[in-house]
Amino acid sequence: MVKRTLVRLRQSRLCGDAFWALLGQLASALALLLGTRLLTERVAPDVYGEVALLSGWVALGVAAFSYPFICAGMRLLPECAGPAQRSQLQRAVAGLTGQATLLALGLLLAGGGCYAYLYRAPAAPFLLAGALLAVTVWREFGVQLAIGGRRQRRAALWQTGDSLLRPALAVAAVGYLGAQVESILAAYTAATLLSNLLWSRLGAESAAGELSPTDVRRFVGKIWRYAWPLLPMELVFWLNGVGDRYAIACLLSAADVGLYAAGYTLVNEAFNRGAMVLLRTFQPAYFQAFSAGERRRAHAVLRLWLYCLLAGGGLGLLALPWLGDWLVALLLAEPYRPVAALLPAIGGGCLLHALGTLWAQPLLAEKRTRVLLKGRLCGALAAITALPLLILQYGLPGAAWANPVYFGIEALVLALLAKPWRLRDGESLPAVAEPTAAVPLRAPA
């Protein structure tokens with residue numbers, strides 16, 4: 001069985017996809033960790049916390065308004081028959097994503113304006129956050145559709161370029177303009193804009209002939225059917241991912257947000273970047289096998305994905321209690337060192353979150369996004385309940401220990417709903433008896 005799996009891997013694009021996904025995530029993680037070290041040397045925890053809070057609103061605009069349409073395009077891309085259909089799909093995704101982004105920008109600027117008026121705060125950070133939202137959506141559109149088309153090299157280089165430019169320009173901006181929220185957000189926006197301008201012209205697919213409005217509208221309907229249950233789900237996903245920052249800000253202080261966000265960044269880069277490598281490697285292959293009706297092969301991809309995640313995540317979680325102090329001393333400035341005690345709890349939450357995402361893949365493949373929403377809602381309800389209780393009882397450590405609580409509940413519910421251990425409508429398929437009969441993992445011609 002192991003030998004057949006290795007033969008399939010050598011005959012497929014999966015190894016190449018894994019290499020570029022790993023390269024992109026590793027380079028991005030190193031750039032962000034270096035940038036975090038340099039920024040924490042130059043800005044106080046309260047300023048870092050304010051940047052984290054505004055970045056969270058940007059993430060909400062991307063996740064809840066734009067990403068569902070981008071995710072739908074990524075899922076439907078393997079089903080396109082040729083370049084013409086891919087162009088029609090991309091046009092439909094771009095139109096819906098643009099409309100959703102305009103709505104998110106309007107809400108962000110209106111909310112920021114009200115906050116600035118009521119609390120006599122400057123409005124510039126909210127304007128810069130709006131600009132950062134726009135360029136981030138542009139980046140995600142290009143990167144995710146490249147991944148959906150299994151163009152991992154383009155996606156990896158685009159992401160890596162952005163990750164290198166952001167901390168470099170942020171450190172330069174702090175040095176020349178001062179340790180202010182506005183200078184950091186402006187640097188992030190300029191970095192992503194430069195990266196987008198470069199990669200939107202390099203290696204982009206040209207449109208194949210005339211794009212019929214009727215054909216584009218047909219894709220719009222398919223995208224909406226797939227994406228609309230994801231809209232509330234991405235809101236829930238955002239709440240589970242960064243909602244703890246706002247609970248800390250309300251119940252503690254912006255400086256505590258800065259400490260927590262800096263520590264969370266370290267663990268997130270180790271765990272979630274690794275999980276993202278596996279996601280970008282295995283998810284396109286899983287979707288392609290599922291769309292082709294090769295359910296046994298799809299199940300094998302999912303099982304291999306699980307083994308890799310458990311091996312890497314388990315080793316990382318075991319290492320955190322011994323390496324946490326060393327990592328914090330190496331990657332964070334002196335005022336941020338108390339966060340070392342929180343790393344194991346945050347790591348446990350990251351691993352459970354990655355497991356929940358993996359276990360939910362059959363629901364995405366079957367386009368049962370409404371069922372997926374139920375699992376995410378359970379995680380959100382657990383977060384809303386656990387976060388304030390644990391923060392009020394234990395302070396900042398309570399926020400860290402809430403992570404494995406609500407992510408664990410979410411992962412358990414998603415596993416029960418998706419039942420990833422079962423073959424999907426493929427139980428009657430005959431088992432492969434000979435290695436020569438195995439179908440290799442491959443991209444459509």
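Using the three backbone atoms N, Cα and C, a Cβ is placed for every residue, glycine included.
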20-39, 180-199 - the one TrEMBL records as transmembrane segment: 20-39
Best-contacting stretch, by C-beta pairs under 8 Å, relative to the transmembrane segment (51-72) and drawn from 20-39, 246-267, 343-365, 377-395, 401-418: 246-267
Remote residues contacting the transmembrane segment (304-323) - C-beta distance under 8 A, at least 6 residues beyond either end: 5, 267, 270-271, 274-275, 278, 281-282, 286, 343-344, 347-348, 350-351, 354-355, 358, 420
The transmembrane segment (20-39) in contact with the transmembrane segment (246-267), cutoff 8 A, at least 3 CB pairs, sep 6+: yes
Range from 93-118, 246-267, 343-365, 377-395, 401-418 with the greatest count of C-beta pairs under 8 A to the transmembrane segment (124-142): 93-118
Maximum Cβ pairs under 8 Å to the transmembrane segment (401-418) - stretch from the list 93-118, 246-267, 343-365, 377-395: 343-365
